[in-house]
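Worksheet: one structure, shown below.
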Amino acid sequence: KDLTDVKMSLWLLGAALLGPVGGFYLPGLAPVSFCEEGNHQVPDCKTTIELFVNRLDSVESVLPYEYTAFDFCSDNTTNRPSENLGQVLFGERIEPSPYKFKFQKPAVCKKVCTKSYNSNDPPDKAKLDFLKKGMMLNYQHHWIVDNMPVTWCYDVEDGQKFCNPGFPIGCYVTETGRAKDACVVNSNFNEKDAFYIFNHVDITIYYHVVEHEQLGARLVAAKIEPKSFENSDDDNPDCSGGPKFLKNKHKGLFKIPYTYSVTFVEDKQICWASRWDYILESMPHTNIQWFSIMNSLVIVLFLSGMVAMIMLRTLHKDIARYNQMDSVEDAQEEFGWKLVHGDVFRPPKKGMLLSVFLGSGTQIFIMTLVTLFFACLGFLSPANRGALMTCAVVVWVLLGTPAGYVASRLYKSFGGEKWKTNVLLTAFLCPGIVFADFFLMNLILWGEGSSAAMPFGTLVAILALWFCVSVPLTFVGAYFGFKKTSIEHPVRTNQIPRQIPEQSFYTRPFPGIVMGGILPFGCIFIQLFFILNSIWSHQMYYMFGFLFLVFIILVITCSEATILLCYFHLCAEDYHWQWRSFLTSGFTAVYFIVYAVHYFFSKLQIAGLASTILYYGYTLIMALIFFLFSGTIGFFGCFWFVTKIYSVVKVD
């Protein structure tokens, strides 16, 4: 099954790349028509609405669990929908549920099942304890109808509604009587040291009748309101009585009847194509996004002005003065960055490692660019579940050739000769570190029984993609890179390295590197907040247009900040620019780690050692990827600058 998912992911990417530009639907995203039972006027319409359940998660725990782990009412059928690679990586586990409705047939307090627990029976006690743990940590259901999330909409400040694509399984009132999480919504939830179970749901399904096309009705929204009822007869519930609660120290038999009610409402305002809008519009902070963009643009304009001033005024004067030096006496009076022309292209120390980092960074940069491009076109919207991660992984695998080519080409220009070591490190070093970290996190997830634990078959499939596709492509790229002639530099390198004069505090390597990462991080930190929210607070991320704009701003800022500092260091007669340019913009990743630590303590309520280790383990993976990505941008920006200025000045 896992290999089939990988093939399906490749097929989806191919369809996105090769499909026609207009008039198409992605697989699984075409509209589905519904009609009443017995209606034969609409061809191929469905009469039954199936409700699917996804894994449950919590903002207080990194560990998601499958729906069946909590012993809810389950469907006896085993025909689970196929999941793509991205869904498996994100821990999504979609299963059929016993909640099935006939279109246009309302139901009131319909029984699904009754679960019985005897606290004296160890298996039952374990199930009940796990359910209580889920309510204590505020685990949330995620239900799906017609590929739409079933949302729980409630009032927030300023009279606005917030639609959450999930709803809690229950809540807890502490021993002191303090209502936690969802218990605050009902004043009747007042029993101390008790768990209140949402054992009833009111489901409202909104549909839109397609006129003039005879296509029946299409579902445009599904909303839910969780409730709790203590029925007088658990075996024949009537959805009456007070809330259903379980005392923390309950002994003996305890029954939970699960019920639902469903109503259908016609909505003539929302059409099928815009049915996600009510969820996305309810999410706040769009104005903050614009503030972030404007803030970043101001930084870019400031840097661009500085770089333009250096390029057009200072450099122009320098080059004109250098080119007017005709006599030997004048040449002996050289100063500034021209003094180091015989050393500026001297191969750096640890050139092997730098070239490997740059090869991997190029691979990540192109992958990010391609993925964001498809996301902006709408291929990777929230409606196409798992598509974003699937696209990123598949594109990364197919970009082994550029990684091998860049690493080998630069390594050859550094004077390296160990081409076998270079290509092996390019293929295995950075991906190996990421995979080792990911595998350790997966072991923790396996140990905790989480649904996010990747199945062994999927791990084998990913290794197969890496070893059988990415590695051979890296070798192909390295072959062409070493076959090409070495990069020609505009000036010759002297045999004896020039002594670097003593540097002031501001032109020393470490202070420059620390200062260089501040401006790029200032451009992205607001966008970073929303990305971390989507990962750890389970909010939908859909503003790919903003993200693409921030990506462009980040590329410009990293390049300009590095070029600016590179010029100052060259003027101070320090010619070791290769590693410094990589680390200057790459140091943004250190600020990312600091921000992630701040986010963990200020925004998250994560509890437990396993969840904490998982948070920091995955954060380190993201930081390494960002380090390679931003460092590569800085290096190539500086490489272009240095090559440009020394190619337009006369050197004897």
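Every residue, even glycine, has its Cβ placed from backbone N, Cα and C.
These features come from TrEMBL:
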{"type": "TRANSMEM", "residues": "290-312", "note": "transmembrane segment"}
{"type": "TRANSMEM", "residues": "356-380", "note": "transmembrane segment"}
{"type": "TRANSMEM", "residues": "386-411", "note": "transmembrane segment"}
{"type": "TRANSMEM", "residues": "423-447", "note": "transmembrane segment"}
{"type": "TRANSMEM", "residues": "459-482", "note": "transmembrane segment"}
{"type": "TRANSMEM", "residues": "513-536", "note": "transmembrane segment"}
{"type": "TRANSMEM", "residues": "542-570", "note": "transmembrane segment"}
{"type": "TRANSMEM", "residues": "582-601", "note": "transmembrane segment"}
{"type": "TRANSMEM", "residues": "613-642", "note": "transmembrane segment"}
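Panel annotation: around the transmembrane segment (423-447), residues 63, 352-353, 355-357, 359-360, 400, 403-404, 407-408, 453-454, 459, 462-463, 466, 470-471, 474-475, 478, 610, 613-614, 617-618, 620-621, 624-625, 628 of the same chain, lying at least six beyond its termini, place a Cβ under 8 Å from a Cβ of the stretch. Residues of the same chain lying 6 or more positions beyond the ends of the transmembrane segment (513-536) and with a Cβ under 8 Å from any Cβ of it are 59, 62, 285, 288-289, 291-292, 295-296, 299-300, 303, 543, 546-547, 550, 553-554, 557-558, 561-562, 565, 580, 583-592, 595-596, 599, 603-604, 606, 615, 618, 630, 634. Nonlocal intrachain contacts for the transmembrane segment (356-380), taken as residues 6+ away from its ends with a CB within less than 8 angstroms of a stretch CB, comprise 16, 26, 387-388, 391-392, 395-396, 399-400, 402-408, 410-411, 422, 425-426, 429-431, 544-545, 547-548, 551, 582, 625, 628-629, 631-633, 635-636. Listed as Cβ neighbours of the transmembrane segment (613-642) (distance under 8 Å, sequence separation of 6 or more from its ends, same chain) are residues 62-63, 344-345, 354, 357-358, 360-362, 364-365, 368, 430, 433-434, 437-438, 440-441, 444-445, 516, 520, 535-536, 554-555, 558-563, 566-567, 570, 577-578, 581-586, 588-590, 592-593, 596, 600, 604, 606. Looking at which of 386-411, 459-482, 582-601 has the most CB pairs under 8 Å to the transmembrane segment (542-570), the answer is the stretch 582-601.
Sequence-distant contacts of the transmembrane segment (582-601) (same chain, six or more residues past either end, CB-CB distance under 8 Å): 354, 357-358, 509, 512-514, 516-518, 520-521, 524-525, 528-529, 532, 536, 558-559, 561-562, 565, 612, 615-616, 619-620, 622-624, 626-628, 630-635, 637.
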